[in-house]
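To keep things clear, I will list the structure first and then write my remarks on it.
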Amino acid sequence: MDNNGVKPAVSAMEAFEKLEKVGEGTYGKVYRAREKATGMIVALKKTRLHEDEEGVPPTTLREISILRMLARDPHIVRLMDVKQGINKEGKTVLYLVFEYVDTDLKKFIRSFRQAGQNIPQNTVKCLMYQLCKGMAFCHGHGVLHRDLKPHNLLMDRKTMTLKIADLGLARAFTLPMKKYTHEILTLWYRAPEVLLGATHYSTGVDMWSVGCIFAELVTKQAIFAGDSELQQLLRIFRLLGTPNEEVWPGVSKLKDWHEYPQWKPLSLSTAVPNLDEAGLDLLSKMLEYEPAKRISAKKAMEHPYFDDLPDKSSL
């Protein structure tokens, strides 16, 4: 291994047979592939190295070190190996070799929507518990995901195991919170402080996304589906009420704060009608305006909503 923990190895193309392209992440293509030596099916994430870059991009190195650190948790997709290869132009490419998981939450939700069925409540509960558990592990190790969405929550349909993937934008955060760049998260799952231009944020950005995913599992529709940053904010305000200094101290000082239409909060049950009382209570704690007041992943696991989940320790 060299200093970066990247193994110069058999070229990835000699070691693997690409079966199909399964996606395109922010930093490169993802293939389903077979390891020739063992026959094992894996996910190969090919990371592009930009023309002007000497060596491996820092985003990739960061992802590798974070994933190696987090690989112990069953709810984080496992990074099994890193291989270097050379592409047709003679440029270095990196292949991250991940365990292969057969579907994701976006496809899972879509299959129920298309069938006109609800996802069974105990399934929602089981998936949410695993998501909270995986995020508690990330946050406990000082890692924010910052791009949680159904598409990067992988799922094994047979075992109903959920695994958090695509920690590409994650960066280890240490207290005090550093200033962060803005280019994160799909709009629908983006926390209001990010939409309003906050430069210091914390685990609350992930917990907001977890809340949005919770609501979507129950209704099969995104709870806040905006097509611009402004529309996204207005959708949130229409349901939760327009925030003010009383409910969210400091909100009017945020960079992108303006005077917005004044909406009164509606009951969450209007947006998520078939969620029980304990579920609505947990959801309201995840969608709390003031980031520091948002429930933590660890606390969420102890919420009464999960009380009747059988055998939590096996999840």
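In case you wondered, yes, glycine gets a Cβ from its N, Cα and C as well.
According to DSSP, Asp147 (active site, proton acceptor) sits in a coil region rather than a helix or strand. As annotated by Swiss-Prot, active site, proton acceptor applies to Asp147, with the evidence given as sequence analysis.
Summarising the annotation, Swiss-Prot assigns ATP binding site to Val22, Gly23, Glu24, Gly25, Thr26, Tyr27, Gly28, Lys29, Val30, Lys45 and lists sequence analysis as the type of evidence. Within 10 Å of the C-beta of Gly28 (ATP binding site) there are 19 other C-beta atoms, taking all protein chains into account.
Residues or ranges marked as domain 'Protein kinase' in Swiss-Prot: 16-306.
Here Swiss-Prot flags Tyr27 as phosphotyrosine.
The phosphothreonine annotation in Swiss-Prot covers Thr181 and is backed by similarity to another entry.
Less than 8 angstroms from the CB of Val22 (ATP binding site) sit Val30, Tyr31, Arg32, Ala43, each of them six or more residues away in the same chain.
Annotation for Glu24 (ATP binding site): spatial neighbours Val30, criterion Cβ-Cβ under 8 Å with sequence separation of six or more.
When the recorded positions Val30, Asp147 are scored by other C-beta atoms within 10 Å, Asp147 scores highest. Cα to Cα, Gly28 (ATP binding site) and Asp147 (active site, proton acceptor) are separated by 16 Å.
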